[in-house]
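As recorded in Swiss-Prot, the features of this protein are as follows:
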- 19, 22, 37, 40: Zn(2+) binding site (BINDING)
């Protein structure tokens, strides 16, 4: 096997935040300390007390 360099450990940026529910790294909502991706947020938002106004 050839040389392999593991990816650098990130300290900040989009790849650091992880969804608490599914582990996804893209489109994570950090506001209010949620740390949920937008798909998981849509599934559990009503149970958490968020309500649609429109």
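Don't overthink the numbers, they just go from 1 along the chain as shown.
The backbone N, Cα and C atoms fix where each Cβ goes, glycine too.
Predicted, not measured: the structure shown is a model, and the values here were computed from it.
In sequence order, 19, 21, 22, 24, 26, 27, 28, 29 make up the list of same-chain residues 6 or more apart from residue 37 (Zn(2+) binding site) whose Cβ falls under 8 Å from its Cβ.
Of all the binding-site residues listed here (19, 22, 40), it is 22 whose C-beta has the fewest other C-beta atoms within 10 angstroms. One way to see the shell of the Zn(2+) site is to take the Cβ centroid of 19, 22, 37, 40; the remaining same-chain residues with a Cβ within 8 Å of it are 20, 21, 23, 24, 28, 36, 38, 39, 41.
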